[in-house]
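First up is the structure itself, then whatever we jot down about it.
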Amino acid sequence: SVVKREDFSLPAYVDRRDYPLPDVAHVKHLSASQKALKEKEKASWSSLSMDEKVELYRIKFKETFAEMNRGSNEWKTVVGTATFFIGFTALIIMWQKRY
């Protein structure tokens, strides 16, 4: 088949605030540079630069807590849709009263 089926019996990665440590890492297939960084991680963390620490974090997690807590713009869609339907209903009521 064309579409790959998910096996839900295996652990999956998910970013959730109430479950901060997922069962598996975000990046499943590491590149050569990422593998080298994972080997360097086993040594002292004081020898790692800040960029390397951030890269290690991004291998394990997709988003930070700040990114997870960031608000979305979905409310604009909800308000716009509700306003559209209220206006459409008002037009129908005015049309019914006139004719």
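Glycine too: its Cβ is placed from the backbone N, Cα and C atoms.
Predicted, not measured: the structure shown is a model, and the values here were computed from it.
What Swiss-Prot says about this protein:
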type	residues	note
TOPO_DOM	1-73	topological domain 'Mitochondrial matrix'
MOD_RES	Lys4	N6-succinyllysine
MOD_RES	Lys4	N6-acetyllysine
MOD_RES	Lys28	N6-acetyllysine
MOD_RES	Ser31	phosphoserine
MOD_RES	Ser33	phosphoserine
MOD_RES	Lys35	N6-acetyllysine
MOD_RES	Lys35	N6-succinyllysine
MOD_RES	Lys42	N6-acetyllysine
TRANSMEM	74-99	transmembrane segment
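Minimal Cβ crowding within 10 Å, among the modified residues Lys4, Lys35, is found at Lys4. DSSP labels the residues of the topological domain 'Mitochondrial matrix' (1-73) in these numbers: 29 helix, 0 strand, 44 coil. The 10 Å shell around the Cβ of Lys28 (N6-acetyllysine) contains 8 further Cβ atoms across the protein chains shown. When the modified residues Lys4, Lys35, Lys42 are compared by Cα distance to Lys28 (N6-acetyllysine), the shortest distance belongs to Lys35. Taking CA atoms as the reference points, Lys35 (N6-acetyllysine) and Lys42 (N6-acetyllysine) are 11 Å apart. Comparing the Cα of Lys42 (N6-acetyllysine) with the Cα of every entry in Lys4, Ser31, Ser33, these being the modified residues, the smallest distance points to Ser33. Taking the Cβ of Lys42 (N6-acetyllysine) as centre and 10 Å as the limit, one finds 7 other Cβ atoms among all the protein chains shown.
Here Lys4 (N6-succinyllysine) is positioned 28 angstrom away from Ser33 (phosphoserine), judged by their C-alpha atoms. Cα-Cα distance from Ser31 (phosphoserine) to Lys4 (N6-succinyllysine): 23 Å (rounded to the nearest whole number).
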